[in-house]
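Here's what TrEMBL has on this protein:
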TRANSMEM  31-58  transmembrane segment
DOMAIN    50-274  domain 'G-protein coupled receptors family 1 profile'
TRANSMEM  70-102  transmembrane segment
TRANSMEM  108-129  transmembrane segment
TRANSMEM  150-171  transmembrane segment
TRANSMEM  197-220  transmembrane segment
TRANSMEM  254-273  transmembrane segment
Amino acid sequence: MANMTLFDLVEPEVTHKVPKHWHSFPPPHPLWHPVLGTLYVIIGLFALFGNGVVLWVFCCTRSLRSGTNLLVINLAFSDLCMVISQFPILVCNCFSQAWVIGPFVCELYGFCGALFGTMTIINLAVIAYDRYRAILSPFGGTQLSMRRAGLWLLLIWVYSGGWCALPFFGWNQYALEGLLTSCTFDYLSMDTWSRSYVVVLFLASYAVPLVVVCYAYFGIVSSVSRHDRNLKSHERAQGENVRYQNLQRRESQLNRFVFTSVLAFMIASTPYAG
């Protein structure tokens, strides 16, 4: 037992799914798995409830059925699919203290996690771009129609699915990771072929969307700040201190919103992107 490794706990049919990096690691403390499993149950239930409520409210409220809100609904739907496809399997493996469901489910689990995670990131970038267009051209007929929103959703699904399906065709693979209770794309193999996929996926599903989010939200801040400066000058000249203070408050709130949005995007996406 003293010389046992993580690799020794894996079922024989999935040993080929364990990158060599994990072969020499000792098993974690026996309490880790049930603690993590319990934590995942709590997180999963909260996520299931929260995203379910968003979808239910949208389906029951006609006034919310706009193109922009359709993007938000797709975000909630992809998060809900992430919960449904990941948490039951992850919890089962945690309490079993190893991957026990076979190699096919490992590949399916890894694909679903990558797909819905990438969809969330791309969806956030599209929402940021939509808000940028709406605020910078409020009178230019740029309100997102349901048809155009549908095209955006199709693009999000195809773009995300395309990148995440490539390991099935030999470019990288889905493999076990960490405590060997979950699967994702192989980011540890050092051969050029595997590393090239990781680099390209990093650029396509993290770096480019992050640039779009930053450009859009900071563009919104710049535009609103410029507009507010003009109004402030006018209000000062008119001596309307209350409206001037309201403008300052709105600008401060907008800056906080943008900072929070970009920070949340980076916190949610950076762990795997790194």
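For all residues, glycine too, the Cβ spot is worked out from N, Cα and C.
No curator has checked TrEMBL annotations; they are predicted automatically.
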Do the transmembrane segment (150-171) and the transmembrane segment (31-58) share at least 3 Cβ pairs closer than 8 Å, excluding pairs fewer than 6 residues apart in sequence?
no
Are there residues at least six beyond either end of the transmembrane segment (70-102) with Cβ under 8 Å to its Cβ atoms? List them, or say none.
9-11, 13-14, 17, 27, 30, 33-34, 36-37, 40-41, 43-44, 47-48, 51-52, 54-55, 58, 109, 112-113, 116-117, 119-120, 123-124, 126-127, 130, 144, 146, 149-150, 152-153, 156, 176, 180-183
